[in-house]
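According to Swiss-Prot:
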BINDING   Gly500, Gln501, Thr502, Gly503, Thr504, Gly505, Lys506, Thr507  ATP binding site
COILED    264-418  coiled coil
COILED    746-876  coiled coil
COILED    905-947  coiled coil
COMPBIAS  971-985  compositional bias 'Polar residues'
COMPBIAS  1020-1032  compositional bias 'Basic and acidic residues'
COMPBIAS  1044-1054  compositional bias 'Polar residues'
COMPBIAS  1062-1083  compositional bias 'Basic and acidic residues'
DOMAIN    417-739  domain 'Kinesin motor'
REGION    967-1083  region 'Disordered'
Amino acid sequence: MDDVQIDDTFPVDLNGVTSLCSPEIPSFDFVSDETEKLEIGDTSIDDCDDALGDSMVCDPNSRLVPTGLTRTNRTDETIMFINAGGDDSKVLDSELNISRDDYFEGGDVLRTEESIVEAGDFPFIYQSARVGNFCYQLNNLLPGEYLIDFHFAEIINTNGPKGIRVFNVYVQDEKATEFDIFSVVGANRPLLLVDLRVMVMDDGLIRVRFEGINGSPVVCGICLRKAPQVSVPRTSQDFIKCENCATEIEISPTRKRLMRAKAHDKYEKKIAELSERYEHKTNECHEAWMSLTSANEQLEKVMMELNNKIYQARSLDQTVITQADCLKSITRKYENDKRHWATAIDSLQEKIEIMKREQSQLSQEAHECVEGIPELYKMVGGVQALVSQCEDLKQKYSEEQAKRKELYNHIQETKGNIRVFCRCRPLNTEETSTKSATIVDFDGAKDGELGVITGNNSKKSFKFDRVYTPKDGQVDVFADASPMVVSVLDGYNVCIFAYGQTGTGKTFTMEGTPQNRGVNYRTVEQLFEVARERRETISYNISVSVLEVYNEQIRDLLATSPGSKKLEIKQSSDGSHHVPGLVEANVENINEVWNVLQAGSNARSVGSNNVNEHSSRSHCMLSIMVKAKNLMNGDCTKSKLWLVDLAGSERLAKTDVQGERLKEAQNINRSLSALGDVIYALATKSSHIPYRNSKLTHLLQDSLGGDSKTLMFVQISPSEHDVSETLSSLNFATRVRGVELGPARKQVDTGEIQKLKAMVEKARQESRSKDESIKKMEENIQNLEGKNKGRDNSYRSLQEKNKDLQNQLDSVHNQSEKQYAQLQERLKSRDEICSNLQQKVKELECKLRERHQSDSAANNQKVKDLENNLKESEGSSLVWQQKVKDYENKLKESEGNSLVWQQKIKELEIKHKDEQSQEAVLLRQKIKELEMRLKEQEKHIQEMATTREFPEVANATPNEVKTCFKEDNFGNENMESNTNILRTSNRLKTKRHDSLNLNEMTRKKRASRSGETENNGDDPQMKEKRIRKSDPPKVFSRVVRPTRTASGSSSQVPVAQKRVIKREQQEVPVVKERDSKKKIWSR
């Protein structure tokens, strides 16, 4: 019989291998030669596991390797290596000669970055795979034999379980193996199937197909190598040497077949007899085993009873210990309580004495309190009078403050809510160097009058609220504007803006320089000073925002990215206007305000033209929000101050701008014109005020109308070169103020008239373009009027609701008056109750005195009772001591019982060991007798076979006998292997086929030499007989399964395994299969 060879490179467990095996090919334990004994141990189990691992491979030369590819495993015979789904960059950089993954049909690519355990020197191979039902076609190969290696790794279902991915691998449309990677090596571990032999025909094609059984197949790499040439062993022929002439006599095939048939029949008879004996011995062993199990069960029962008794004894010990501890704790508590009560009695005596002293003191204090009650009533009355005076003063102060605000704002209104101040700058260095003439007359500046020489000594005069000469400084200018600041703190909206042509000093007036501050800085400074003066009565919260209107677009100058979002004007529910998303900086002092102003001025849009190199091309607007809360009455106000530095207003012809600058100038002039229209409509109290004609006026809507106050600085130039712009600025200011003084009539200059006509024509052209925009605005106005009508309807409905609410308020007011009358009556009744309570207080004082006397008597009685309790507790302690003595006697008795039980347990253990030793000796003797009988029978069978069936060998020499027996035994062993041995591996099958092929070749050669024709096929009737004679297999192993018969075998016989059992170390249960009526030993 051939020995089973197991590869050491496949250390897999039995559970993982059995899941990979096909249900048609179950696994069995291995059986060695007939003369070898089978023993139970770790080595036999490991051999079985390895054999089951290799049973999944059809090719006996192939093997499974649970580690990755290494440099030492590389060979020069590699023809092609394909990394399935691999990255081209890793493929080119690797040491392997890896081909591109272009030979597949179907499937998907999957890659992972997880580390692969034991991946060898090329771990990237197992980090990519092809998944799905697919195939590979390797073409352009030379005919011959090749070796294919498959690289697998489970990188998808890393948490299992076993059997979640099972698939078949077909090579040249023949099933090679059935895989479950996770059950063999687990997740993120490589598994290699190497040395799979494949034959390439003339078409030069190898087709590898992957087909899923459960889940999708997965492969990481395919390696194709040249197959080494296998040397064919020489076949030996069967001959017999003669004793006399030493010639080799060939045995004919027919005679050899007859000899084998006879030996086969005799061996079958002997095997039947041995199988009967074997069944008889197994029955005896089964009975012995049943008796052993019953003895073990009795022993277990005794042990259980013994354990219960030991547990009861231990529980009794624990209860006794716990009770003893309880007694000790009770005695300790008694001693502690005794000490505690002694100390408590002493403390009570001390407290009684202290209470007596306190009682005397309280009685004295009670007399003093009774005497001091009239004085307390007088003091309460005085305090109430002071509180009422304080409340009257607060009310008068709030009324006086409101009147002061009204008077102050009335004075400001008498001066005009819309006030216009005119300021003229001095001549600059360029104008003085060219000796430019001054056209402004400041003779009536104190009265607010101003004269402008227009030409031909004609003079045009204007009147404003205040006129500043070039000699007036920033302090003089702010002195007239400072009253407006107080109005902001009183809750009014104020707007201060500077208007004029480019280069007239608007920015200087509003912002100034660090050495000479402007209106903006001085206004905020005064806001903080007044707020600091009023901090005891009013709290203020001031926030600042800086923005600009550039080309009719609002830009936030404090935002980090001004152009990132578009800002729009929204109207809130209370009617005020605000810009959502605008940055508001909360400021606490003037330094923070200056930093905010500097940041806004640096971000402002500036451009150059013919008039000024640094002309402001946008309207810079500083918004100051003031929130005030009156700490006296809780009134809250919210006001807004706008400080606006308007862009330069100049004529387009003079600036000579084009492109983007022309668009900027047109937008500036349009917004300034809209501002003039709004202010003029406010001054004339027009029914419609066009706030929405420009973003500038729309922003200033809250600070231009209603109770708001407006101050305008008109900036002019004294130079004769700027006379037209100066007149246009003064006309605009006069239009704003609503007062225009007629000019002194003198001789008219015709040249000037012609210039004016040309300007009129240009104005007409501009007006045409404006008319178109006006039409669009009218359409928008009509739409707004439709919306206003809807709002009017809603307003009417709200008015009706207000009337209903007023009626409800009247009814509630009447009810409150009635409740007030009821409350007055209740107050009178409460006064009467207070007088009654005073009388009750006196009565309670008398009762207190009586209670003190009774309590002192009761305390004395309690002290006596406590002394009696102490005496009783001393008596109870004696009783507890007697109980402790009784418990100690019981403990001694229980200890004696426990010693008796221990002695009985020892006796039982000695008896149990004696019985076990006797039974083990009997079983060993029986097993040895069975082994001796089997050996004798085997020797007897061999002697009978040699003497009866081969008489011609008796006269041969020893060498001839050896050769003859070798040849005959070779055939007999083949027959026995075909009939008696269970195959457990595909390797044994292939080796069996090789031996059969060699026999057939020898027969053919002998037939060709002798010229005789023989029928080498087996008789089908014999096969049927052999199958009928064979009994069902009886296998004594860990797992019992049916097996697939080998291709060359006709029947199978059972094989018994002998095992040595150590009863002292382990207990083996007995299992009976009642349906098949077989008795089987299983571990």
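Every residue gets a Cβ built from N, Cα and C, even glycine.
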Using a 10 Å cut-off, grab the number of neighbouring Cβ atoms around the Cβ of Lys506 (ATP binding site), all chains included.
28
Counting Cβ atoms within 10 Å of each candidate's own Cβ, which of the binding-site residues Gln501, Thr502, Thr504, Thr507 comes out highest?
Thr504
Give the mean pLDDT for the domain 'Kinesin motor' (417-739) on the 0 to 100 scale.
83
Most Cβ neighbours inside 10 Å, all chains, among the binding-site residues Gly500, Gly503, Gly505:
Gly500
